[in-house]
Amino acid sequence: MASFPPRVNEKEIVRSRTIGELLAPAAPFDKKCGRENWTVAFAPDGSYFAWSQGHRTVKLVPWSQCLKNFLLHGTKNITNSSSLRLSRQNSDGAQKNKPREHIIDCGDIVWSLAFGSSVPEKQSRCVNIEWHRFRFGQDQLLLATGLNNGRIKIWDVYTGKLLLNLVDHTEVVRDLTFAPDGSLILVSASRDKTLRVWDLKDDGNMMKVLRGHQNWVYSCVFSPDSSMLCSVGANKAVFLWNMDKYTMIQKLEGHHHDVVACDFSPDGALLATASYDTRVYIWDPHTGDILLEFGHLFPPPTPIFAGGANDRWVRSVSFSHDGLHIASLADDKMVRFWRIDEDYPVQVAPLSNGLCCAFSTDGSVLAAGTHDGSVYFWATPRQIPSLQHLCRMSIRRVMPTQEVQELPIPSKVLEFLSYRI
C-alpha cells in the first residue's frame with residue numbers, strides 16, 4: 001500500500017480555475033440549521049444539475065445553460081427564488097423534455113439527491129407488470145430526494161411532478177443511488193442503520209432491506225455494472241454487497257473513524273472511501289486490498305488521534321470519469337484533486353464549510369456544496385489518457401482482479417492492469 005501525505009510546499013501545486021458560483025438566496029429568517037447543501041448531482045446525460053438550497057428546497061437547472069450564464073455574466077449567479085416553482089399541484093402543464101429551471105419544494109429538509117434514467121429493456125422484477133401505475137419510457141429522467149423525516153420523494157425532472165412517495169425509513173435518508181444499468185433500482189442509506197432497495201418500475205415497491213451496519217449509514221454507491229454496492233457508515237464501516245443476491249460480500253477494514261463517502265472508478269476496478277480519520281483510501285473492491293492512501297494531514301495522525309476531532313475530517317470524495325483523477329473535500333477549507341499515480345494533489349482550490357462534491361458528466365467541472373446552500377464550480381485537471389490506461393479501463397470493465405491475475409501475461413503487465421503500479 002502506498003501512503004501519500006500532502007506536500008507542504010504549495011508552490012508546486014496548481015490552483016484550480018473557478019468556473020462559477022450559485023449562491024443560495026438569503027433566508028427570510030436567521031436559522032443556522034437546515035440550510036446545508038448535503039448533495040450535488042449531475043444527470044447521467046449531462047442535461048441537468050441539481051442541489052439542495054436548504055430549508056426543503058431543491059433547485060434543478062439545465063447544465064448547458066448554467067455554463068453559458070457563467071460565461072456571459074461572470075462567475076457569480078445568485079439563484080432567483082421567484083423562478084418557476086413546481087410542485088405536484090401545478091406541474092402538469094409543463095412542456096416535457098425541454099430543459100427548464102425548476103424549484104421544487106420537498107416538504108422537509110433534503111439530505112440526499114440522485115438522478116435516475118430508464119432503459120426499456122430493463123424490466124421490473126415484479127411479475128404482475130400489468131398493474132403498474134407508471135410506464136417509464138426511454139427518455140424518462142427522475143430525481144430522487146431523501147428527506148429528514150425518512151421519506152423519499154421521486155420527481156419527474158422534465159415536468160417537476162411528484163410521482164412517488166416512498167415511506168419505510170424511520171430516520172434521515174442520508175444518501176441515494178440509482179443502478180447505472182437503467183433498471184431504475186434505487187438504494188437508500190439511512191440513519192436507521194439500514195439500506196433499502198426500491199424498484200421504481202414496480203411503482204416504488206421496496207424489494208429488500210440490507211442489514212449489517214451497527215450505526216448510521218452515511219453513503220452508498222453502485223458499481224458501474226450494477227452488480228455490487230458499497231455502503232459506508234459510522235464506526236469505520238465499509239461494506240460491499242452482491243446486488244444480484246442481496247447479500248454482503250465482505251467488510252473492508254482499514255479506516256480509524258467514521259467513513260462518510262464512497263465512489264467507484266468508471267471501470268469498477270477501484271473504490272474510493274473518505275473518512276473523518278483524515279484519509280482517502282483507494283481499494284481493490286474485488287480483493288479488499290488498500291492500494292493507495294491520500295492523506296490530508298502531515299505527518300499522518302496516529303490511530304488514536306485519527307479517531308477523534310482533528311480539524312481535517314474528509315467530507316466527500318468523487319472519481320472523475322477519466323478514471324485518473326479523484327477529488328476530495330476536507331474541513332481544512334481545501335478541495336484537492338489527486339491523480340491515481342501521483343503522491344500529492346495536482347490541483348487545489350479554497351472552499352470554506354464544504355460538505356459534498358461531484359464531477360460533471362464529462363469530467364470537466366467539479367461542483368461542491370457548502371453549509372449555506374451554495375454551490376461552487378472549478379475546472380478540473382485535464383489530461384489526455386494514455387493508450388495503456390484506456391486499454392486497462394476497457395479490460396477492467398469486464399474482468400475482475402481474480403480473472404486478470406490468471407491471464408498468461410508478464411508480471412509487470414498484471415501489476416499495471418491491477419492498478420498496483
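Glycine is no exception: its Cβ is also placed from the backbone N, Cα and C atoms.
TrEMBL labels come from automatic prediction, so no person has curated them.
What TrEMBL lists as repeat 'WD' is 136-165, 166-208, 210-251, 252-293, 314-348, 358-378. Look at TrEMBL and you will find 377-421 tagged as domain 'SOCS box'.
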Residues in the repeat 'WD' (166-208) grouped by DSSP into helix, strand and remaining coil: 3 helix, 24 strand, 16 coil
Sort out the residues at least 6 away from either end of the repeat 'WD' (314-348), same chain, that have Cβ-Cβ distances under 8 Å to it, and list them. 2, 4, 6-7, 10, 12-16, 260-267, 270, 272-276, 278-280, 282, 292, 294, 296-297, 354-359, 361-363, 366, 368, 378, 380-381, 383, 385, 389, 393, 419
Per DSSP, what is the helix/strand/coil residue tally across the repeat 'WD' (314-348)? 0 helix, 20 strand, 15 coil
Using Cβ atoms and a strict cutoff of less than 8 Å, what residues sit near the repeat 'WD' (252-293) while being 6 or more residues removed from its termini? 1-4, 216, 218-225, 228, 230-240, 300-301, 303, 306-308, 310, 312-319, 321-323, 326, 328, 330, 338, 340, 356, 392-394, 396-397, 400-402, 418-420
If you run through the repeat 'WD' (252-293) with DSSP, how many residues end up as helix, strand and coil? 0 helix, 22 strand, 20 coil
Reported in the order helix, strand, coil, what are the DSSP residue counts of the repeat 'WD' (210-251)? 0 helix, 25 strand, 17 coil
Residues in the repeat 'WD' (358-378) per DSSP class, helix first, strand next, coil last, are 0 helix, 12 strand, 9 coil
